[in-house]
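From TrEMBL, here are the annotated features:
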ACT_SITE  His411  active site
ACT_SITE  Asp462  active site
ACT_SITE  Glu471  active site
DOMAIN    27-484  domain 'Glycoside hydrolase family 9'
SIGNAL    1-21  signal peptide
Amino acid sequence: MNLRLYPLSLVLFLLLRPTMSSNQHDYSDALSKSILFFEGQRSGYLPNDQRMTWRRNSGLSDGWTHNTDLTGGYYDAGDNVKFNFPMAFTTTMLAWSVIEFGELMPPSELRNSLVALRWSSNYLLKSVSQLPNRIFVQVGDPIADHNCWERPEDMDTPRTAYAVNAPNPASEVAGEITAAFSAASIAFRSSDPSYSQTLLQNAVKTFQFADTYRGAYSSNDDIKNDVCPFYCDFNGFQDELLWGAAWLRKATGDESYLNYIESNREPFGASDNVDEFGWDNKVGGLNILVSKEVIEGNMYNLEAYKASAESFMCSLVPESPGTHVEYTPAGLLYKPGGSQLQHATTISFLLLVYAQYLSRSSLSLSCGTLAVPPDYLRRLAKKQVDYILGDNPMGLSYMVGYGERYPKKIHHRGSSLPSISDHPGAIGCKDGSVYFNSTEPNPNVLIGAVVGGPGEDDKYDDDRSDFRKSEPTTYINAPFVGVLAYFAANPSFS
């Protein structure tokens with residue numbers, strides 16, 4: 001069923017009316033919990049200061065099939081596989097959150113954000129340790145994993161390490177890892193300059209692989225059957241090449257990357273206007289990122305990127321001329337498919353970042369004859385945030401552990417199965433089915449997890465089997481960290 005478009009006047013009212021909730025959201029609490037979530041997704045040896053104590057060590061043999069160390073990193077969602085493509089995007093967005101909003105964070109949460117960032121960037125460094133000839137793109141057989149319901153600590157499914165060897169391509173994964181290293185190098189520049197330099201050196205090396213052997217990793221016959229059911233980029237790999245180059249430009253100031261993003265925009269198909277941004281489509285974020293060069297650096301040769309960024313931002317403004325994104329009846333950004341809240345968190349992040357760029361230069365967004373002030377964009381973002389935190393028809397917070405009502409039966413193996421402390425014995429592949437099918441709340445609360453969210457009708461059933469709605473992912477949370485940091489520092493914004 002297609003979501004019908006609601007009258008612009010109605011959508012505008014729903015988006016920008018004063019909140020009807022009697023609750024004032026505690027954005028600082030939500031920020032702390034959004035970062036804590038990542039500890040529940042950790043793979044590898046857990047540190048002594050692990051706060052999500054129902055989790056234990058897991059995936060300790062990862063990489064053994066290639067006689068290399070691939071421990072660490074994050075399980076991307078409610079399963080026990082490490083998909084490097086979305087993990088790299090998660091890393092980029094955590095780093096970008098720190099870059100744009102880290103100064104607004106309390107020192108403790110900035111530290112926790114950097115710890116979360118380092119956990120994934122350390123793993124990604126391992127995944128490119130055999131360049132220039134090999135890059136690892138995934139650990140864990142996803143078919144076998146998805147046929148089991150077991151704790152990561154009990155995994156007995158194959159921990160296959162999927163590698164791409166030159167001259168076979170993996171441009172989308174390598175391009176995103178380039179972006180992740182480059183962004184993380186900026187985030188760590190002041191606190192750990194040596195680590196920052198290591199990340200930047202590896203970004204350059206990874207981009208060389210991505211650009212030299214152009215093509216999608218899904219074109220490799222020996223891995224595509226285990227990749228494409230889950231994280232194939234059907235939008236092409238070219239956006240990741242531009243995205244990686246844009247972040248290298250930001251991290252290094254190197255003119256060669258400036259020339260790359262300028263000359264390849266049209267050949268790589270990035271000139272089309274898009275109204276999305278996520279792990280598989282970087283164009284929306286690319287346009288916003290590069291626009292900073294135009295707005296603050298007067299790089300008018302990149303004006304086409306700014307024009308596309310403004311078109312995207314204007315599509316979010318209901319009374320602007322032209323085409324618009326779709327919203328649910330209650331005002332949530334909507335895209336067909338599952339995990340609706342990934343669109344709300346990523347686009348809210350871009351709204352705040354673009355508003356910040358405009359504000360610093362005392363500019364407004366130009367939508368035809370309509371001049372839209374930066375605070376309007378912030379207000380649009382705030383409505384998405386408040387919806388996620390409970391101002392919605394269900395009266396439900398979609399962040400686990402935040403507020404009085406939140407999803408209790410999320411699609412997540414570790415959360416839904418008894419912890420090692422409560423059940424020391426192993427729970428086998430099919431033995432976990434009884435917990436999957438249980439109508440009881442998950443025994444372990446994955447604090448801070450933002451689930452996939454409601455459907456086009458704003459309805460949500462707390463159903464563990466409906467993974468499109470009840471499964472959290474790292475790439476939903478990562479941009480939300482930056483968004484919440486802004487509103488935690490500006491709690492009275494309305």
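Including glycine, each Cβ sits where the backbone N, Cα and C put it.
These numbers come from a predicted model, not from an experiment.
Could you tell me the structural context for the features on the list?
Within the same chain, residues at least six positions away from His411 (active site) with a Cβ under 8 Å of its Cβ are Gly78, Val451, Arg464, Ser465, Asp466, Phe467, Ser470, Glu471.
All protein chains shown were included, and the count of other CB atoms within 10 Å of the CB of Glu471 (active site) stands at 21.
Looking just at the domain 'Glycoside hydrolase family 9' (27-484), the mean pLDDT is 95.
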Near Asp462 (active site), which residues of its own chain have a C-beta under 8 A away, given they sit six or more steps off in sequence?
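Listed in sequence order: Pro407, Lys408, Lys409, Ser470.
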